[in-house]
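Quick notes on the structure that follows.
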Amino acid sequence: MDSIQEMVYSLPFLTITSAILAYLMATRFNLYPVIIYVSKTKKLMDEPEERGVHASKVPNLGGMGLFITFSLTLLLFVPFLKNTVSDLSNLLSLLSATIILLFLGIKDDLVLMTPKKKLVIQLIAVSMVCVLQDVRITDFHGLLGIGELPYFVSILFTIFVFVLVINSVNLIDGIDGLAASISILASLGFGFAFFMSNNFMMTILSAVLIGSLLGFLKYNFSNDSKIFMGDCGSLIVGFLLAYQGIKFLNINPENVQFYNSNNSAILLLAILSYPLFDLLRVFVVRMMQKKSPFVADSNHIHHRLLRLGLNHKQATFLLFVSNLTLIVITFFTNDLQINLSLIVTVCFGSLLYLLPFLGVFEEFEEKEIVAKVPKTERNLFSNTNLNSKVPSSENEVEESVIKLINLEKSNKVKSIFETQNKNLTSKRVQEIETWTSKKKSSVSGDASKI
């Protein structure tokens, strides 16, 4: 009897059980089908838009299912906590912060909020955890020549990291499965470190989040019962990843034997490399183009992969493998001096994530664009129609032109066919642009967007 009780209370058993229970709660109790039904009934849907990658309305309140699954499963394991009072206090403050972010995300999903208002509410939620739990980044361990941080600086920098990670995860939630898959990978990395250091509460937290995300993925990848994570999901997941990351930095070095704890910040960067790198690249590109860094666009890495011809699952898998590869490289170079380890991680990360933007892939993008253009549009730009009149019959080409406009490829296609047809006259180009502009203004906003 004692041996059975010992097994039940053991960390390996509880870790596996908590992940499985979270997954079953997400998939076996009609949680997501109910959310999908209510969303469709009340018309709480994600509308297709110009920069979107889906062609129909989809429920986008998947974060509600994630929160319910995560919080209820986590609370079920409260009786197993070793330091009950301290762990319970930390758990309650953590769930309070996630509730704030949940309602922030729901409101933003239903009624778009300004970046300033969203930032203020994020700061409130994050500050609650930082102050009540004293969750802080306290030491750089010589990274960039910086050592221990003063208390006030530590608090401010920790809040900055929280907000940075929250919004980086929010930005990568652009194609099916990407944010959830990257978050599962990150939680596996953090969870393994917590498990090896015998941190009970954080190990269970990571396992429950993994199980919850796996349950969500079943519906996110579904064709019949699809649901998006939405801001209400990505904000919560980003917050929990940041929380795990900072707890990872504060693991007692005496409990760590399989990696250099002084270089844990570099491992953290590798684990969260894709969302952080994509955020940095997008912000730099937007500022170079003299655009606001807070205005959404379709210039993310995953959008580039879609333009190269990959589907959602393929792009997600490729980015998952890229992130995993960087984690492995960083892990095996973890004994290097911390700044040298940083250089190695940044160089390999840049190579992995910037590869799709190299000029060698431009030909693939052009072929993919041309392949998607129906023959009707191709004829608009071909030599055979140089002397023909601008189409006067809307019925003749309306459907194909709508597709072309909604693909937002008209300029790109024109450029490609100009290259292929050297004799295309500037007058003909102007006629096509005038006709297309006129047509675009008359096309209903209900046309399918891709």
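Note that Cβ sites are derived from N, Cα and C of the backbone, with glycine treated the same way.
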Exercise. From the ranges 60-82, 290-312, pick the one that TrEMBL records as transmembrane segment.
Key: 60-82
Self-check item: Per TrEMBL record, range annotated transmembrane segment [choices 117-134, 315-332]
Solution: 315-332
Quiz prompt | Candidate ranges 22-41, 202-221 [criterion: TrEMBL lists as transmembrane segment] | solution = 202-221
Quiz prompt | Touch test for the transmembrane segment (149-166) and the transmembrane segment (228-246), at least 3 Cβ pairs under 8 Å | solution = yes
Quiz item: Which stretch, 60-82, 88-107, 178-196, 266-284, 315-332, tops the Cβ pairs under 8 Å count with the transmembrane segment (228-246)?
Solution: 60-82
Self-check item: Contact call for the transmembrane segment (88-107) and the transmembrane segment (178-196): at least 3 Cβ pairs under 8 Å, seq gap 6+
Solution: no
Quiz prompt | Long-range neighbours of the transmembrane segment (60-82), counting only residues six or more past its ends (CB under 8 A) | solution = 9, 14, 18, 21-22, 25-26, 31-32, 35, 39, 44-46, 88, 91, 95, 98-99, 102, 105-106, 109, 200-201, 204-205, 208-209, 211-213, 215-216, 219-220, 227-237, 240
Quiz item: For N170 (Mg(2+) binding site), which DSSP three-state class applies?
Solution: helix
Exercise. Return yes if the transmembrane segment (338-361) and the transmembrane segment (266-284) have at least 3 CB pairs under 8 Å (sequence gap of 6 or more), otherwise no.
Key: yes
